[in-house]
Amino acid sequence: MDSSASPAAAAATPAAAADRYTYSPRLRWQPQVEEYFAAAYGRDRFARISEALAMVESKHMKGVLWCIRPHALHYDSQPDQSIKEVIVSRKCAESVLRGAQVYIPGVLACSSHVEKGDKVAVSVAIEQPAEDGGWTVDTHYEERKGLYIGQGITAMSRSGIFRVPHGVAVEMTERVYKLPSFNDVLEGEIFLQNLPSVVAARVLDPQPGERILDMCAAPGGKTTAIAILMKDQGEIIALDRSHNKVMDILKLAAEMDLNCIKAYKLDALKSVRKTNDAKYIGEAGSRTDAIVTLAENSEPCINKVDAGITNASEDSSTTSVVHTDNKRPDDKRYVSKADLRKNLRRMRNGPGRNNCSGGRVENSKGFLPNSFDRVLLDAPCSALGLRPRLFAGEETLESLRSHATYQRRMFDQAVKLVRSGGVIVYSTCTINPGENEALVRYALDKYKFLSLGSQHPKIGGPGIVGSFELSTKKYTEEWLTEHESQLVQRFDPSSSLDTIGFFIAKFDVQILASHCATWHYQDPDYLS
């Protein structure tokens with residue numbers, strides 16, 4: 001699709017505008033996934049959940065609740081004039097619905113003759129079924145009916161929008177959701193979180209002086225909440241495999257003046273220190289020698305590049321860039337404009353997951369078994385509970401199962417790291433029972449010394465009972481018993497709480513007389 005193409009059809013007449021210029025999205029799913037969720041929830045309940053997922057959830061803060069509902073907007077136009085529009089991508093629209101402006105990379109198309117300062121309607125182009133069975137994005141006029149997310153004032157002309165690579169394209173003046181922005185508000189004093197995330201930290205019930213592990217900690221909201229509950233006394237180890245995300249955790253902890261948080265760069269799947277790296281000393285019940293932070297000293301990953309002022313003309317094929325290297329300060333080289341643009345994009349968007357943005361973080365080789373009092377595993381997931389979500393067709397049963405497999409491997413690590421008598425809290429932000437109830441079933445069946453613990457506060461509803469078998473009988477999934485379902489918390493987006501979809505399970509690790517330090521090494525999965 002030509003990104004600079006205007007909408008395919010003229011705008012609607014004023015008589016039809018009332019029906020057209022609304023926000024009434026319909027969430028699309030793969031047929032097998034829809035069958036799976038309908039079996040778990042029942043068709044009516046799943047339809048309500050799908051409808052709720054496309055809306056923005058209410059916002060909760062201490063003493064404050066914003067109940068957010070879409071409201072009607074009036075897209076004024078003259079009888080002889082069409083309404084000027086800017087069409088944005090789905091991801092851009094989801095950000096706008098949460099309070100963002102429209103940035104240039106998110107613009108797909110724009111009406112003709114749009115000038116800077118024009119009032120425009122903002123609509124979203126969502127993936128539609130394609131003839132080959134896949135999905136395609138189409139900016140056709142009819143496909144956008146009921147997908148208007150607000151209106152704003154253009155920050156530049158149509159030609160400017162498709163000429164420059166970055167910047168604000170439309171400053172939103174009205175949105176279908178009147179969502180207040182908390183950007184830079186009381187920085188270091190407040191951190192906005194979803195209600196279930198706050199509940200997850202409280203369910204962990206951290207105590208002052210304990211040693212806590214947050215296995216997938218970025219961006220640090222739950223980590224800092226745990227530190228506050230501990231009165232900043234004890235030690236919290238926060239992990240993430242991204243250098244930049246670890247920097248974000250450290251920055252947030254510093255802003256909130258929390259000193260008990262130590263953040264390390266480490267893949268959660270490698271959280272347990274291998275036996276050939278260190279000898280294990282002592283009993284599992286004695287934490288005197290078991291509590292060891294195994295962080296390796298690493299050099300700061302800093303690449304300093306000074307982009308020199310160039311005299312290259314706009315149409316030149318190469319331009320001079322001065323590259324400063326500590327080891328070779330006199331080194332200079334010529335790079336193409338394409339490389340220069342790539343470097344500028346990297347400076348603008350960040351270096352990406354595999355590169356550091358400057359600043360020092362410590363790497364870790366992992367931690368000894370039984371060395372944490374409590375472990376929080378807020379696992380990476382399909383995120384099918386996050387709102388607003390305008391499309392879900394990319395998920396298949398196979399992709400949902402791959403998420404579940406990944407989470408089980410992480411949970412296995414958490415079990416090895418928690419001490420006897422400790423606690424594991426597992427949480428996700430998805431409605432998928434395969435990543436929630438099925439994980440609990442796996443944990444209880446594999447680790448007989450684990451049991452579901454009671455949760456406080458208990459705000460969410462019960463878990464899902466039963467099992468699922470695909471119509472082809474090639475896939476079966478076991479969920480919870482009636483008793484077990486009452487011990488977990490499931491936050492339903494369609495419930496009166498109006499939260500994101502979320503799941504919390506709390507596991508108590510039994511204290512056994514025979515539960516010595518060596519049981520971890522006898523686990524064949526650990527030795528492999």
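Just so it is clear, glycine is given a Cβ too, placed from its N, Cα and C backbone atoms.
According to TrEMBL, the features are:
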type: DOMAIN; residues: 120-510; note: domain 'SAM-dependent MTase RsmB/NOP-type'
type: BINDING; residues: Cys216, Ala217, Ala218, Pro219, Gly220, Gly221, Lys222, Asp240, Asp267, Asp378; note: S-adenosyl-L-methionine binding site
type: ACT_SITE; residues: Cys429; note: active site, nucleophile
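On the structure: features taken from TrEMBL.
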residue : record                               : contacts (Cβ under 8 Å, 6+ apart)
Cys216  : S-adenosyl-L-methionine binding site : Leu239, Asp240, Ala268, Leu377, Asp378, Ala379, Pro380, Met410
Ala218  : S-adenosyl-L-methionine binding site : Asp240, Ser242, Lys245, Val246, Asp248, Ile249
Gly220  : S-adenosyl-L-methionine binding site : Ala238, Asp248, Ile249, Leu252, Ala253, Ile261, Ala263
Lys222  : S-adenosyl-L-methionine binding site : Gln193, Ser197, Ala200, Ala201, Asp214, Leu376, Asp378
Asp267  : S-adenosyl-L-methionine binding site : Arg241
Cys429  : active site, nucleophile             : Asn194, Pro196, Cys381, Ala383, Gly385, Leu386, Ile500, Gly501, Phe502
Largest separation between Cα atoms (Å) of residues that the record links to S-adenosyl-L-methionine, namely Cys216, Ala217, Ala218, Pro219, Gly220, Gly221, Lys222, Asp240, Asp267, Asp378: 19
Segment confidence, the domain 'SAM-dependent MTase RsmB/NOP-type' (120-510), expressed as mean pLDDT: 82
